[in-house]
Amino acid sequence: MRLKNSILIMSLLLLLAAMLTACGSTSASASSGSTPTATSTSTPAATATSATPTATTATSDSTPAATPTSTSSDSSSNVVIEVRDIPSTQAVGSTFTVLTTMQGMTVYAHLLQGASGFSCDGTCAQTWKPLLFKGTGTPASATKLPGKLSVGTDANGNRVVLYQGYYLFTNVNDKVPGDAKGVGADNSPWQPAIPNMPTGL
């Protein structure tokens, strides 16, 4: 009887030891288990795309104005005379109408000699310069004249402008348009050429 009790006690002790061993193993396993580490998933930042606007060249609807084209004809080179009013050398404050060059210089004529045999040389040529014609055809005036313009050849072979048969000259003493320093006394043969002068000799 005592033996059976001893065996029973031994069996219980072995069972208890086995249970304790099993519990210790389970606890160790539980404590040694690795806790899963949370993985940080990095979300890539969205790359901003900058839209570059395309420059559009503005187109002007306006058409540039056409450059004026000169319509002057070759005959314009023949225009060598115009009519102007210049200050009178005899009456202060008054004017008189004369023929001038296109630059406004007073034109003169030797009233005692027309186209026939007149020449100005020597001392005469130092003061009086013939109005040369470098065009072709017949000289013309920018202002309508009652008389006639023509071309003559002087003793030096120059082609000189004539009006009403008179050779036309400028005076070296006239410096600016409107001067009439070549005007002499009333009986002087040298006088400014005027639109209504009579036909020369």
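Backbone N, Cα and C atoms are what each Cβ position is placed from, and that goes for glycine too.
Per TrEMBL, the feature compositional bias 'Low complexity' maps to 28-77. Per TrEMBL, region 'Disordered' is recorded for 28-78, 180-201. Under the heading signal peptide, TrEMBL lists 1-30.
Non-local neighbours of the region 'Disordered' (180-201) in the same chain are 83, 86-87, 89, 96-99, 106-116, 127-128, 143, 145-147, 162-166, 168, 170-171, 173-174; each lies 6+ residues outside the stretch with a CB under 8 Å from one of its CB atoms. Mapped onto DSSP helix, strand and coil, the region 'Disordered' (180-201) counts 0 helix, 3 strand, 19 coil.
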